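Some features that Swiss-Prot has for this protein:
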BINDING   53-58, Arg137, Ser145, Tyr201, 235-240, 263-265  3'-phosphoadenylyl sulfate binding site
ACT_SITE  His115  active site, proton acceptor
Amino acid sequence: MEIPDFSSMKLDSRPELIDFEGVSMTRYFTDNWEKVKNFQARPDDILIATYPKAGTTWVSYILDLLYFGNESPERQTSQPIYMRVPFLEMCFQGLPLGTELADTLPTSPRPIKTHLPVQLVPKSFWEQNSKVVYVARNAKDNAVSYFHFDRMNMGQPEPGDWNTFLQKFMDGRNVFGPWYDHVNGYWKKKQTYSNILYMFYEDMVEDTGREVARLCSFLGLSTSATERERITKGVQFDVMKQNKMTNYSTLPVMDFKISPFMRKGKVGDWRNHFTVAQNEQFDEVYKQKMKNTTVKFRTEI
């Protein structure tokens with residue numbers, strides 16, 4: 001399969017935030033809502049769920065290699081990751097609909113990505129008892145990464161300067177809603193739905209091999225240690241950043257002159273962005289928003 005030509009994909013202007021069922025969204029993720037809501041999941045589907053910029057592409061690529069790295073190696077060089085792991089709610093003019101891509105995936109299982117908060121996930125995933133891999137990233141690094149992503153992605157609302165963006169982040173006025181509700185929603189769901197693996201970005205950076213082994217265990221895969229090691233090497237940040245099939249450089253809505261899609265992939269980069277005052281304010285808001293949850297994050301490793 002050839003790399004798709006999306007050169008005709010044009011966006012007139014950046015989208016506005018809209019309130020959608022109590023969550024901040026843009027039309028690019030709600031215009032196809034009937035089909036998203038009624039999407040028919042299968043029991044062997046694997047839903048990769050994250051708040052934006054928390055490691056979605058990383059886990060998508062790991063899963064793709066675990067399942068199809070050996071049997072379909074040509075996929076790795078001929079198809080961008082966003083064609084192999086459809087973004088379910090995506091609805092951009094000039095791009096295939098996420099639901100259509102998922103419906104026509106030739107693979108089994110079907111790895112499918114979403115940024116939807118837990119309450120908006122199509123109910124068929126829960127009814128079919130599909131496996132869900134959730135990746136969470138500490139709020140400070142997530143905010144920094146999301147800011148740079150919004151700067152370079154014309155499909156996102158205008159972020160303004162760093163301080164403006166940070167205030168919006170603390171208020172939950174970002175696409176896909178508040179970070180706090182997102183990470184807590186899936187954490188709570190995990191208590192009643194056993195087929196969720198809740199992963200942390202920081203753990204993946206600290207020991208990728210260990211987390212790949214955890215994934216294999218959750219998915220019931222008997223991947224050899226040699227194979228896991230090969231995959232772990234192949235998914236290192238700098239390798240993926242140079243890989244056209246994983247770095248999103250084939251999508252024209254992203255302006256790499258402003259910032260690359262894969263920027264640093266580090267833990268603790270927030271220290272290079274937060275002022276002392278911003279950090280104090282953020283910690284105060286965080287304490288309030290996270291006071292009723294048991295989920296714990298690391299802001300450095």
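Here the Cβ of each residue, glycine as well, is placed from N, Cα and C on the backbone.
Features per Swiss-Prot, on structure.
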residue : record                                  : DSSP class
Lys53   : 3'-phosphoadenylyl sulfate binding site : coil
His115  : active site, proton acceptor            : coil
Arg137  : 3'-phosphoadenylyl sulfate binding site : coil
Val235  : 3'-phosphoadenylyl sulfate binding site : coil
Separation of alpha carbons, the residue listed as 'active site, proton acceptor' and Thr56 (3'-phosphoadenylyl sulfate binding site) (Å): 9
Protein Cβ atoms within 10 Å of Arg137 (3'-phosphoadenylyl sulfate binding site), excluding its own: 27
Neighbour tally for His115 (active site, proton acceptor), based on other Cβ positions within 10 Å of its Cβ: 23
Rounded inter-Cα distance in Å - His115 (active site, proton acceptor), Lys53 (3'-phosphoadenylyl sulfate binding site): 10
Under 8 Å by Cβ from Val235 (3'-phosphoadenylyl sulfate binding site), counting only residues of that chain that are 6 or more apart: Trp58, Tyr61, Ile62, Leu65, Thr208, Val212
Nonlocal neighbours by CB distance (under 8 Å) for Lys53 (3'-phosphoadenylyl sulfate binding site), same chain, sequence gap 6 or more: Arg137, Asn142, Ser145, Tyr146, Phe149
